[in-house]
Amino acid sequence: MKMKMKILLIFLKFFFLKKLFVNSLDIGSKCEILNPISMCSNYLGYKNIYLPYGYTQEIIEANVTATLTNPMGFSAIPDLICKENIIKLFCISTYRECNSNINGISFPLPSNPCQKNCFKVLETCVPFLSFFQGFSCQQNDTDGKDLYPITENYYNLTSYGGSSNQSIQCSNPNQGSTNTTVSCVYPLVYVSTDDIKNGEKFHEVMPNCVLPCPLYVYTDKQYDAKFYTEVVFYCVSATIAVYLILTFGLIQNKITHRSWIIIYLGFTVLALCASYATQQYGNGDFRCSSQPGRYRSSQDGNCMLTGFFFQMGGLGTIFMLSLYSFDFFLTINMKTNKYFLQTSIGVWALIFFFALLPIKHYESTIDSAGCWIGEYNNRFWLYFCFYIPAYIVTFLMVIFITSSIYKVFKMTVLFKSINDRRILFLNLRSVTFLLVILFCISFTSMYPLYVSYNGEVFYDAIEKWVYCLLEKGNDQCPRIQFSRFGLRYMNAFCMSIIGILLLFGLGIDPHIATIYRESERFNYLLHLVGIKWGNTPVPSKKSSTSSNSSGSSGEKTRETRKTRGQSISLKKIDQSNSNSNSNEIESSSIDKQPSSILNNHNNNDDKQSQA
């Protein structure tokens, strides 16, 4: 299809310009009466035509007929007004008006088309001017005369016995439309130049003609698959996020470092789900504004809100998962983060900073479902506010996970010596969870970069579709089909299941039952409805304090804990005086965190509290 359009352009340029560049001073030229059956007869206001030496009407008419009847010629132009003016200019350029009986010379001179005829083409064929590379109304012939004079051309004929300043009027037939309204082939939308220059979010494919909104670039089946996947998984993820926030934020007696990170993750996942919910709210396609052809941008409040939530949720989740992997790394190495509060404040400050900074640059695109940082004009905001911080944090996450895997591998001998494979299983489960979620966030952060640097694939699909519209019309052109839908679907899938992964990695564990059983608030609520489960039904103010340990709470649990028939006594680090006691502390603290995050620095925190 693209090749056909190129052939059309060759036809246009060749037949437009071939006759125009013939030498105007041709002593062998002659005048003839135009054959009335010529296809150009209705476009000329004269019958006396100019024939250069060596040409006959039959030769010229054969070329005219081939051009005007060829499906890849002028007939491919869908706009009738533009087509009429182009054919008129073509005819008066091919069959130029002949001027004979000029004083002092024996050969005729042609009249070139008046410049206003050329301007009519420029005015009425704006959407197609990009196809006429090099075409101008200020061209000259081989004698240096204007191809499209304003009123007349002047010739020095003294060498032939004529005047030194012979004027020849230009041809200006009355036929042809003077309507200068630009018409865009359906379904392209006409937009004024001022609107486009004002920075409105249009996708201009030809001068003043933009892509419609919405523009569907996948099949209905593909859109449905993506839609139902996102609806189900985002709803489930939002529910899980609320569950994690309630469990580790309200139900648990003492909030540990690890609990705070899980709460943070719950809020970032909720922000991601809120972004999806915002774009699904209301009627019509979220990408489109009320103005035809204009895609939403930050000047639309709901687009700004959606972009903010998406940036908060996406980048925030990456930051918090990196913080979680750092906490896991410290726990494996029996250390604690003494500056956890400052770290948390700093991370949240960065998240808000990178979400608010591009607040005026959120926009929707052809391929997007909602709004995010646009790269329509430049990519600075996308790189500075997402790619650079996301990739730096992801790289740190890889380092923490790799170091933790190595530590777990080294501790395998210890796990075997105490004959408790459950500990090894729990830690391997944590590592597996981190690796899977690392893959998801890496894929979702790399996919937009892949699209940016492979945009030609998508632009080519749009270009072929536009060429088809110009050649055949909308009814004969199939829907645009972007390739690599599998990657697009995988990106949506990985993003929507973050909450579900958090459930399997953090929210399903025997330790959760202990949290609910020992929770004073939860048991108090059960007591109000007549259910007795656990120990203390009345909440105390003391239980609401926060702990900087990564393990769970409860003085009873600190003294002794039973795990699948095996009881391990916990002792303070400062009370251990032998290697056996040290091993007992290490094994007990490892087993104390059934969610598979080792809890050895619990004892360090107790020691610090005693001091």
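A Cβ is built for glycine as well, from the same backbone N, Cα and C atoms used for every other residue.
Per Swiss-Prot, compositional bias 'Low complexity' is recorded for 538-554, 576-590. Here Swiss-Prot flags 591-602 as compositional bias 'Polar residues'. Annotation comment: Swiss-Prot describes Cys31-Cys98, Cys40-Cys91, Cys82-Cys125, Cys114-Cys184, Cys118-Cys170 as disulfide bond, evidence class sequence analysis. Here Swiss-Prot flags 26-187 as domain 'FZ', drawing on sequence analysis. Annotation source Swiss-Prot lists N-linked glycosylation site at Asn63, Asn140, Asn156, Asn165, Asn179. Annotation source Swiss-Prot lists region 'Disordered' at 538-611. Annotation source Swiss-Prot lists signal peptide at 1-24. The topological domain 'Extracellular' annotation in Swiss-Prot covers 25-230, 280-302, 360-380, 452-491. Taken from Swiss-Prot, the feature transmembrane segment applies to 231-251, 259-279, 303-323, 339-359, 381-401, 431-451, 492-512, supported by sequence analysis.
If you take the C-beta of Cys170 (disulfide bond) and look for same-chain residues 6 or more apart in sequence within under 8 angstroms, you find Ser111, Asn112, Pro113, Cys114, Gln115, Tyr148, Pro149, Ile150, Thr151, Glu152, Asn153. Neighbours of Cys125 (disulfide bond), defined as other CB atoms within 10 A of its CB across all chains, total 23. The stretches the transmembrane segment (431-451) and the transmembrane segment (231-251) do not meet in space: the count of Cβ pairs below 8 angstroms, excluding pairs fewer than 6 apart in sequence, stays at fewer than three.
Beyond its flanks by at least six residues, the transmembrane segment (492-512) meets 226, 229-230, 233-234, 236-241, 243-244, 247, 262, 265-266, 269, 272-273, 276, 314, 317, 369, 429-430, 433-434, 436-437, 439-441, 443-444, 552, 593-596 of its own chain at Cβ-Cβ distances under 8 Å.
Under the DSSP three-state reduction, Cys125 (disulfide bond) is assigned to coil, being neither helix nor strand. For the disulfide-bonded residues Cys91, Cys114, Cys118, the ranking by surrounding Cβ atoms (within 10 Å, all protein chains) places Cys91 first. In this chain, the transmembrane segment (259-279) lies out of contact with the transmembrane segment (381-401); the count of Cβ pairs under 8 Å, excluding pairs fewer than 6 apart in sequence, is fewer than 3. According to DSSP, Cys82 (disulfide bond) is assigned to a helical segment. Spatially, by CA atoms, the recorded positions Cys31, Cys82, Cys91, Cys125, Asn165 include one closest to Asn156 (N-linked glycosylation site), and that is Asn165.
DSSP classifies Asn165 (N-linked glycosylation site) as coil under the three-state reduction.
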